[in-house]
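This report concerns only the one structure given below.
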Amino acid sequence: MSAAAAPAAEGEDAPVPPSSEKEPEMPGPREESEEEEEDDEDDDEEDEEEEKEKSLIVEGKREKKKVERLTMQVSSLQREPFTVTQGKGQKLCEIERIHFFLSKKKPDELRNLHKLLYNRPGTVSSLKKNVGQFSGFPFEKGSTQYKKKEEMLKKFRNAMLKSICEVLDLERSGVNSELVKRILNFLMHPKPSGKPLPKSKKSSSKGSKKERNSSGTTRKSKQTKCPEILSDESSSDEDEKKNKEESSEDEEKESEEEQPPKKTSKKEKAKQKATAKSKKSVKSANVKKADSSTTKKNQKSSKKESESEDSSDDEPLIKKLKKPPTDEELKETVKKLLADANLEEVTMKQICKEVYENYPAYDLTERKDFIKTTVKELIS
């Protein structure tokens with residue numbers, strides 16, 4: 001025990017070296033590599049921050065992007081000469097009704113039709129001329145070009161399709177697909193509808209005025225027939241009066257001539273009686289002639305009346321039966337037009353115009369208020 005305690009005591013008595021005198025620990029190779037990597041990362045971050053700061057600073061003007069213009073394509077379209085290919089049908093300008101409708105349309109209203117026919121909008125001066133020269137599409141039905149035209153027409157609104165139908169003298173009733181088929185079928189082989197030329201409103205109004213004037217003249221003629229007969233009777237009375245006056249003057253002259261010879265023979269008295277009888281017979285003959293003349297005139301007037309009645313009987317029944325449309329008929333036409341029309345686009349003026357076109361023989365301007373009220377009732 002004493003031997004073990006002795007070294008321990010020796011150890012306790014030995015001096016402890018100070019901490020500052022310890023040797024510095026040398027870093028290993030791994031620690032050096034990690035420090036180098038950290039330094040590199042710090043340098044990279046600093047470089048990135050500097051680049052960001054540089055990018056924020058605007059130096060000079062920004063480079064503009066060059067605009068690519070399709071000048072070559074436009075010039076190629078302009079250089080292509082305009083040619084009208086001959087179709088299978090008749091030229092639109094040679095069809096009377098279509099020529100009439102074309103003359104009434106403005107050039108701006110024909111742009112879409114021109115584009116449909118020739119794949120170009122056309123100029124204002126040549127729109128009507130080019131549309132009139134069209135005689136049908138050169139391609140067949142069901143081809144790719146036909147389908148392209150069909151797709152082009154389907155993009156049009158109903159109002160535009162109906163205006164095209166109006167120019168081409170086609171029915172304007174139906175759905176979009178029906179109108180498209182109708183227009184394409186006609187444009188493949190244009191031909192006249194066979195209907196007569198529509199009368200303009202001015203001519204129809206003049207015609208109605210003439211009809212009114214003619215009816216007024218017939219009434220006047222009927223009224224003037226009676227005065228003519230009366231004038232004949234009065235003329236016969238005047239003739240009788242004149243004859244009486246002449247006979248009285250003749251008697252006075254004869255009496256004056258007979259006065260100087262006071263003595264008259266029986267023969268002279270008989271002669272006087274005979275002359276008086278002859279004068280009476282002349283008077284009766286004059287009266288009969290006047291009566292016969294009046295009867296002849298009456299017969300002539302009755303013949304004229306019968307001839308006018310016969311001529312009116314010879315007229316066709318359609319002329320006699322033609323009457324302006326009733327309120328119910330106008331209401332039905334307005335119903336049909338509203339059913340086919342697009343209420344968001346159609347105006348009251350267009351509906352009134354279409355109603356007038358359904359009845360071109362009559363002037364319906366006086367019944368415009370009734371048409372408007374019916375439209376409002378049907379819409380509400």
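Cβ from N, Cα, C; glycine included.
Annotation source Swiss-Prot lists compositional bias 'Basic and acidic residues' at 20-31, 52-67. The annotation phosphoserine is assigned in Swiss-Prot to Ser125, Ser126, Ser163, Ser205, Ser208, Ser214, Ser235, Ser306, Ser311, Ser312 (among others). Per Swiss-Prot, the feature motif 'Nuclear localization signal' maps to 209-225; the stated evidence is sequence analysis. Look at Swiss-Prot and you will find 283-296 tagged as compositional bias 'Low complexity'. The annotation phosphothreonine is assigned in Swiss-Prot to Thr294, Thr295.
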Go through Ser125, Ser126, Ser163, our modified residues, and report the one whose Cβ sees the most other Cβ atoms within 10 Å. Ser163
Do you know offhand how many angstrom separate Ser126 (phosphoserine) and Ser163 (phosphoserine) by C-alpha? 19
According to DSSP, does Ser126 (phosphoserine) sit in a helix, a strand, or coil? coil
Ser163 (phosphoserine) to Ser125 (phosphoserine), Cα to Cα, whole Å, comes out at 20
Kindly assign Ser163 (phosphoserine) to one of the three DSSP-derived states: helix, strand or coil. helix
